[in-house]
Amino acid sequence: WEFNGSFYQPSVFLMMGIPGLEALHPWISIPFCALYLTALLGNCVILFIIRKTQSLHEPMYYFLSMLAVTDLGLALCTLPTTLGLFWFNVRRIGFDACLTQMYFIHILSFIESSVLLAMAFDRFIAISHPLRHPSILTKTTVLKIGLAIVLRGMVSLLPIPFLLKRLTYCGKTELSHSFCFHPDIMNLACADIKVNVFYGMIILLSTVGMDFVFIVLSYILIIRTVVSLTTKEECLKALNTCVSHICAVLVFFIPMIGLSMIHRFGKNVPPLVNTLVAYTYLIIPPALNPVIYSIKSTHIREALLRALRRKRG
């Protein structure tokens, strides 16, 4: 402990694996390794295919590249501490290292939310105003949207580590997961955390919450446009371009909302449920997104098959 008058701050936190199943951690690490490997390889393949295929140099696939980079970042943020705990029982993480990991996990989560909103906007423009789509979403516009997304995440979350460093911690230093999460660290403090709670809720609602609302609104407008199409084939073709994105939205937002609610209001929720929702939120989307887009996107699938044929030839 670092002592400064009445101010106490732990030098390390202790991470937790899956409660009650500590003896099985080496075996549990096998599916986690498979998920991390899928996330790393899958997203790298998506990036490689988009970069090498000229026909995929379109706004939809530029946003998909942003999603793949974000998913890679999320996987790499949690991989060292999660597998370190499962394989070698390394539970200790330094206070500043924990805050750094937390900051990047939250930034990447906010960026993913914003990228999914940008992809919803792209689908809306492509379906509702197909002739104006190339002139509205130019390469410069896409680049500006990407920079705005990153800056919004970085600036909005910048105060969080400083709000945590000002708190006094005492007694308990065990985190609920094998990674650092803002509500988790905040609840270990024995000081008044009202500012942290208020700021965290405001930022969550004004960023991820608003992103989700605008995604829903985008699909309401998309459905209105699709319903007005003359033939059933046109309706199905238009909706089919959105299936991958809808799956990615559900895979990301459902566990994220669940985890936020559990940390803030689920005092009586069993620790195992909390842990499983947290791992679902941070590991499943990076692993599933490249699989979803590889299966559902005809252009990605065809480009991937062409690349495999060239390699075999």
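Each Cβ is built from the backbone N, Cα and C atoms, and glycine gets one as well.
The following features are taken from TrEMBL:
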type	residues	note
DOMAIN	42-293	domain 'G-protein coupled receptors family 1 profile'
TRANSMEM	24-50	transmembrane segment
TRANSMEM	62-88	transmembrane segment
TRANSMEM	100-121	transmembrane segment
TRANSMEM	142-164	transmembrane segment
TRANSMEM	197-222	transmembrane segment
TRANSMEM	243-264	transmembrane segment
TRANSMEM	276-295	transmembrane segment
Outside the transmembrane segment (197-222), six or more residues from its ends: residues with CB under 8 Å to it: 109-110, 113-114, 116-117, 120-121, 123-124, 127-128, 152-153, 156-157, 159-160, 163, 182-183, 186, 238, 242, 246, 249, 253, 256, 260, 264
Mind pulling out the one from 24-50, 100-121, 142-164, 276-295 with the most Cβ pairs under 8 angstroms to the transmembrane segment (243-264)? 276-295
If one takes Cβ-Cβ under 8 Å and requires six or more residues beyond its ends, the residues near the transmembrane segment (276-295) are 18, 32, 35-36, 38-39, 42-43, 45-46, 64, 67-68, 71-72, 74-75, 78, 82, 105, 112, 176-177, 179, 181, 244, 247-248, 251-252, 255-256, 258-259, 262, 301, 304
Test of understanding: applying the rule of at least three C-beta pairs under 8 Å (pairs 6 or more apart in sequence), is the transmembrane segment (142-164) touching the transmembrane segment (100-121)? yes
Intrachain neighbours beyond the transmembrane segment (142-164), with Cβ under 8 angstroms and 6 or more residues off its ends: 59, 62-63, 66, 99-100, 102-103, 106-108, 110-111, 114-115, 118, 182, 185-186, 189, 195-196, 199-200, 203, 206-207
